[in-house]
Each structure stands twice: as C-alpha cells, then as structure tokens.
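As annotated by Swiss-Prot, site 'Transition state stabilizer' applies to Asn168, with the evidence given as similarity to another entry. The NAD(+) binding site annotation in Swiss-Prot covers Gly247, Ser248, Ser249, Lys250, Val251, Gly252, and the record cites similarity to another entry as its basis. According to Swiss-Prot, the feature active site, proton acceptor maps to Glu269, an assignment based on sequence analysis. As annotated by Swiss-Prot, active site, nucleophile applies to Cys303.
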Amino acid sequence: MGSASKEYEFLSEIGLSSSHNLGNYVGGKWLGNGPLVSTLNPANNQVLPIAQVVEASLEDYEIGLKACEEAAKTWMQVPAPKRGDIVRQIGDALRSKLDYLGRLLSLEMGKILAEGIGEVQEVIDMCDFAVGLSRQLNGSVIPSERPNHMMLEMWNPLGIVGVITAFNFPCAVLGWNACIALVCGNCVVWKGAPTTPLITIAMTKLVAEVLEKNHLPGAIFTAMCGGAEIGEAIAKDTRIPLVSFTGSSKVGLTVQQTVSARSGKTLLELSGNNAIIVMDDADIQLAARSVLFAAVGTAGQRCTTCRRLLLHESVYDKVLEQLLTSYKQVKIGDPLEKGTLLGPLHTPESKKNFEKGIEVIKSQGGKVLTGGKAVEGEGNFVEPTIIEISSDAAVVKEELFAPVLYALKFKTFEEAVAINNSVPQGLSSSIFTRSPDNIFKWIGPMGSDCGIVNVNIPTNGAEIGGAFGGEKATGGGREAGSDSWKQYMRRSTW
C-alpha cells in the first residue's frame, strides 16, 4: 500500500485493491467501463488511498441483465431450502469479515464504528432469518364451491428483483431485500449508493465467493456501482418485475411513476419525519435517553431518526433540561475513534444543507436551544441541535437529514396524536407513557398513522422479525420480517 496509512491496511482483507477497483459484478465477472470515481472520507474529505472505483456503463448493465435472465431460470428451480442454505453460507461469509466490513462502512459512510459493525451484523441476522423462511413459503388450501374439488394457492418467484440502496444504510437495506428475494427464488440486481462504492464491492465479493463455491451462476447476484443513469435503467427495465428503492420521497415518486408506467411493482422506503411523544406520566429519564439515541445517532441520517419531540406541557421544561445537559456531553469526532458518539454528515453538500436549514428554521420563528452550527475545520461535522418551534411552522413538515430536533409542546393526548399525524411522512413514531389507555389508543385506528408504532422505546432500531416500512409519503413498502416475503413472489391460485 506504499505510503497509505496503516489504518487502511485492513481493506485488503476484504478484497479491495490498492490501485483501482472494478465496481461491477455482472455475469459472474468483475468489469467496469463507466466513469472512474473516488470516494471521500467524510471525517476529513480527503480521497481514501485505495478508493478509486470504475462505475458501470449502460453496456455493462445490459451484459449483467442478460446474464441475470439466464441465471434466473436456474435459481428459481433450486428447492427453497437449498436456496436458504446458500443464504446461510452468505451469512457465514459476512460473519467471518464482520469487523473489517463494519470498519469500512464507518470509514466510507461516516457512522460511528459500533453502528457500522451493528449494521453488517443486521445483514447477517437477516441471512439467519431467511434460512428459516426458506422452509415456510407456504401456500393455502381453500374450500371450493365445486363438488369433490379444492383450490390451491401457491407462491412462485418473480424472477429478478432490483434493489437500489441509499448511503445511510448501504448494507442493512440490501439485507432486508436481498436475503428475502434470494430465498424466494429471485435473482438480485443491486445498485449501491454512488458515494459508498467500496462497501458495495466488498459485500459483493463475499456473495460471489459463495456462489462460485457452490457452482452456481454468479449472475444470481448482480451488483453495480453507478449513479442515476443505472438507477433509471433498472426502473425502466421490463425484465425486472419488482424494484425496491430506498431514498428521498422526491426521487422515490419518480421511480414509482417510471416502474408503474411499464406495469411493474415497486417497494418504496422513503423519507421519515418521526416523532416521539412524552406524556405527563412518562418515565422522564428513559424518555430523555431514548430521544438522545434516536435524534443524534448516525448524525441524524437515519430514516427513523427522531426529528420531532412532542412534550406534554407539564414535563416540557424537565425533559429539555435533561436533553440540553446530555447534548453538551456528546463527543463529536472521527467515527473510528473510541468514545465518539457523533460522526460527520456524509458529504460536504449535507453540511451546507444543514447550514441552510438552520437559517430557514430561524426565519420561521425557530429558536436554537443548543447547537445550530457547523464545526469548523476538515470534515462534515455539525453540532447536534435542538430547536424550539411551533408545530405549525412549514419547515417542521419537511425532513432535514441532520441531527436537528424540533421541540414541540402539547396539552392533551389527542393533540399530540394530531401533531404526530400532521406531516406528509409516516414511517416511525413512539409514545412514552405508563397509561394502558393511552397505549391502546396509540396503537389503534385513532392513534399513530405510521408504519412503525412504538411504545416506550425510540423511533429507531426496528427489529428484523417485523415488517419494516411506512405509510403516506414514506412509500407504503414493507421489508424484512413478518409476511414481507410475499412482495417478492407472485401468487398462483388453481
């Protein structure tokens, strides 16, 4: 590696080259005929020493899809439990490189090391979950009106599933989709985020090794690094019946319209504008710790980040007092350093958006209680921020992808629910209360309108056993557990 820092030497352990890396695994081969790009370390905005990647061209894409079409004919005929065993082996391969992959994720994306390792572990957990699922893709026997007859319902693979992931969870979202899609008998075409190509390559190399070891077509799992051109090709491609997209509501709507125009299906995981409600009977210390974790973690770049804190008027001052004390103790710094709680935003543009967002907030009557500034020096660091503002302010309805928390006051449970439901997005929500009456109202038809409705836990940290996703402008998709697998298959009744 020459003069490269020793802290980067681990990258060779996960198959990354010291010169340039081909960023596309198509037809069982690594190639690249697109642009040569470099990835930045968000902690200092310097080009990583081995971070040059050759992205996909449209010609590479076409080679990959033709090979994927052929591989689908083989993969869908492999018995589901055997497909599950292949996914088990993928999980084992990831497990063997867990620390290296987690470190790379932190280095390239910017989240702290514990979160980087935890995200890769989530993919491993999804592999384990999918193994069990591979023996439970059950159909139904349905009574028939005809004498001596019955109806059978069974599930068949779609063929190819496109997965377009975002920078903030470059591994986990792949796991939620690909592990399920594979055991359901589908080939996967993955386009990782253009700003996290190294983790895309490293993950794919491990999957490719498993397929090769089992003498299976490499095109069962096709991966490409690239930008909007490749994403648009996936959305338009009639050979891909289902496209899973994670990103902003604006881009997601475009993907949905493009796929729908060809009568394809979409699975959308889009913007979140998540609220935590703290009632007058809540455990204040528990609530304050949870809010800190939900609002500051991943530098506010989770889709499930808590962005709105709804405080009952009787506990408003007490909760804010605890939070303001905790916020001042948050260590901002290199995500790979021990003790860091808040790493950088992912890109310099994100840092600029934070600064612009604070100005908009102030113009709409927002009062900065703590933070509100970018940190001077290298890297994309900003201060964790709490804003006192009216729930009627237009900016509260929007998602600022940064560690910015709006503090809002309410008087009654009904008012809190109304504020929670007043935004276009509907991903995650949580209430802190000891009242069974409030809890059952909260999770019922007159409560939260979000896909995730938590009680006495943060808005983030959804478990893989349940279906992950949201309503309204969040897209309506469901990934990971429960019966999400049905989206990756077609139902046949006979």
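Positions of Cβ are set from backbone N, Cα and C atoms, glycine also.
Note that the coordinates shown come from a computational prediction; the quantities given were computed from them, not determined experimentally.
Note on Asn168 (site 'Transition state stabilizer'): other Cβ atoms within 10 Å of its Cβ, all shown chains, come to 24. The DSSP secondary structure for the residue listed as 'active site, proton acceptor' is strand. Annotation for Gly247 (NAD(+) binding site): spatial neighbours Ile164, Ala166, Leu270, criterion Cβ-Cβ under 8 Å with sequence separation of six or more. Other than Gly247, Ser248, Ser249, Lys250, Val251, Gly252, the residues of this chain whose Cβ falls within 8 Å of the Cβ centroid of the NAD(+) site are, in sequence order, Phe245, Leu253, Thr254, Val255, Leu270, Ser271. Neighbour counts of Cβ atoms within 10 Å were taken for the recorded positions Ser248, Ser249, Lys250, Val251, Glu269; the minimum is at Lys250.
Checking Cα-Cα distances from Cys303 (active site, nucleophile) against the recorded positions (Asn168, Ser249, Lys250, Val251, Gly252, Glu269) with a 10 Å cut-off leaves Asn168, Glu269, in sequence order. Cα to Cα, the residue listed as 'active site, proton acceptor' and Val251 (NAD(+) binding site) are separated by 11 Å. Around the residue listed as 'active site, nucleophile', taking its Cβ as the centre, 30 other Cβ atoms fall within 10 Å, counting all chains. Of the candidate binding-site residues, Ser248, Ser249, Lys250, Val251, Gly252, the one lying closest to Asn168 (site 'Transition state stabilizer') when CA atoms are compared is Ser248. Around the Cβ of Gly252 (NAD(+) binding site), 22 further Cβ atoms fall within 10 Å across all displayed protein chains.
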